[in-house]
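Heads up: the structure comes next, in structure tokens.
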Amino acid sequence: MGWARALLWAALCTCAASTEACKLGFYKSAPGDQLCTQCPAHSHSEVRAAQVCHCDASYYRAALDSPSASCTRPPSAPVSLVSGVNGTAVALEWSSPLDKGGRSDILYDVICRRCAWDVGQCEACGAAVRFIPQQMGLWQTSITVTNLLAHMNYTFWIEAISGVSDLSLEPRRSATVNITTNQAAPSQVMLIRQKSTGQNSVTLLWHEPDQPNGIILEYEVKYFEKNKEMQSYSTLKSKATSATVSGLKPSTCYLFQVRARTSAGCGRFSQILEVETETVRTLRYDTITIVWICLALITGLVILLLVLICRKRRCGYSKAFQESDEEKRHYENGQVMFPESKFYVDPHTYEDPCQAVHEFAREIEASRIKIEKVIGSGEFGEVCYGRLKLPSKREIPVAIKTLKAGYTEKQRRDFLSEASIMAQFDHPNVIRLEGVVTRSRLVMIVTEYMENGSLDSFLRKHDGQFTIIQLVAILRGIGSGMRYLADLGYVHRDLAARNILVNSNLVCKVSDFGLSRVLEDDPEAAYTTSGGKIPIRWTAPEAITFRKFSSASDVWSFGVVMWEVLAYGERPYWNMTNQDVINSVEEGYRLPAPMGCPGALHQLMLDCWQRDRNERPRFSQIVSILDKLIRSPENLKVTATIHRFTYPSRDRGFFSFTSCATVNDWLESIKMSRYQEHFALGGYFSLGMVMRMNAEDIQRLGISLVGHQQKILKNIQLMRAQLLHTGSLRMYV
């Protein structure tokens, strides 16, 4: 029985923790008869009989991680960091790190540094800068930074962090981008107060805005009677930080606001200041004074009567004008009377156009220009890249247009007329003229250098690489430049993506003003019945037929530029002939929405292509619409659908799809027969089913190449258009 009792006690005993030694690479953390557990990933046990596994070098456990959790490490840097500058705001987007270190709790911190033009002089951006939605602990991969200073260099670091980043001794890994802000309107005038008040006048004082963002050209004072702003209000302009408003009513409450204006535009109005004018003083006269006043009035009336009798005609009165640094505008019931504004001056109105060049443009000494390479050819000669030495000894990159040898005097005048046009413009979205060289053998026009070249080539090179918000920001910049030109009274006549230049910060600028009159060498141009050449695919119908160019015809061209941007530089109307384009537009055909184009943007294009030019939006309205879409990106999520549209009876530029009997025939006709099996497996057995497909349907078939997706969708739209016109659509639907 003794041996049986020993066996019973052995069955009831269990080992305490670590009493049964686990070998290296294993551990057991609690007492019991459980087996030893292998150490989690990236950890090890340093001794036998270990109760916990320690992390390998460069790997860590967060405070809330259990001992059985794998050890992890900090993430690598974010990738694909891109930026979009809009005035004094920048939008940053990036992608998640390629190596997340084995963790899913990835967040991002944004570090901002402001750098002066001198290399190495950087400092924190300051408390005034706003980060939307927040600067630290971001879970999304995008942020908008506002309230930056104009014309300033900034550097942004995007750091990826996780729960173990603070445990690592290594510096955090980050992605970096450098940007330069553009010109912007001044900030709000923050403080306005009254200096003195009279019966009919009020004198106001205020301080310059905290962020003028340039030279303050003038201040605008807006004033109106209390509760009567919608009926009538007036404005007064002043070049100083004070103004006296006269012509007010006694014993009346007025509201005043002030805003500043620079070459970039007007800032926001200040807070309202409420002031009540003084009451009329009651004057008391003695009897003698009253008698003298009556006599004076009677005498005056007698003299006036005699003059009227003698002249026997009505007197004319001239209104005196008082010279002042302050100008008034009055708004009454929605009607506005403006003082003289700046307008564009056509250099061809000068008897000697060369006089316009020297009046508007700056002459540069040829010795300050160094031509380094030829980057293209223009209408009058070569286009070169070079360096311009400024008076401060600093060199800047420039583009140099040269006049070819053997030019005539007329060619020289036409060449320099472009410079005299550009010299009148000063806007961040219009190409900047640095100056001209006319006093040397080689005549040159020097402009700022745009690193990414023309917009159409740039978009084709980066097909599908931008977000919708970035594309809308590009359109907003172009629209802002055209709004500025329209306000000056300038009509471009040749607005197209090829005439938009892009710099290193993706800022787009309107260019090529010389071709607004001369288009003989443009391959996109065609002769019209009225004489001369115009770019048919971008030109409004009234300009083609009647040569009626206006800001409204530029709006039509802007709609085509919108289509080019959303189609990543595709040629408008594809391979249709110019005559087919003219006939199609006249019959009501409009370009369909490019693949993935939001419906709001395609609707704006269609508004720009209204037949009646009075029904088209103005550039100020276009910019406002694009601003609203940028502020409310959820409105860009609805993709445009294929619209019903008319098409010319003879599609000479396209294959006739009506001859296709099957889906395979159609795919072969557009050279996409490699996808016959994709369409069959997707259940598309008839052309009627194919014509109802959209971009998402094509992607679901497993067609991964973006170019092929676009080609198939475009041909679906063309097939539908042909069948709609011929009346054969009912056979397929």
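Placed from the backbone N, Cα and C atoms, the Cβ positions cover glycine too.
Curation does not apply to TrEMBL; its annotations are automatic.
Now, the feature entries from TrEMBL:
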SIGNAL    1-21  signal peptide
DOMAIN    74-184  domain 'Fibronectin type-III'
DOMAIN    185-280  domain 'Fibronectin type-III'
TRANSMEM  290-310  transmembrane segment
DOMAIN    369-630  domain 'Protein kinase'
BINDING   Lys401  ATP binding site
DOMAIN    658-722  domain 'SAM'
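Residue counts for the domain 'Fibronectin type-III' (185-280) under DSSP (helix as H, G, I; strand as E, B; rest coil) come to 0 helix, 46 strand, 50 coil. Residue environment of the residue listed as 'ATP binding site' contains 23 other Cβ atoms, counted within 10 Å of its Cβ in all protein chains. Under the three-state DSSP scheme, the residue listed as 'ATP binding site' falls in the strand class.
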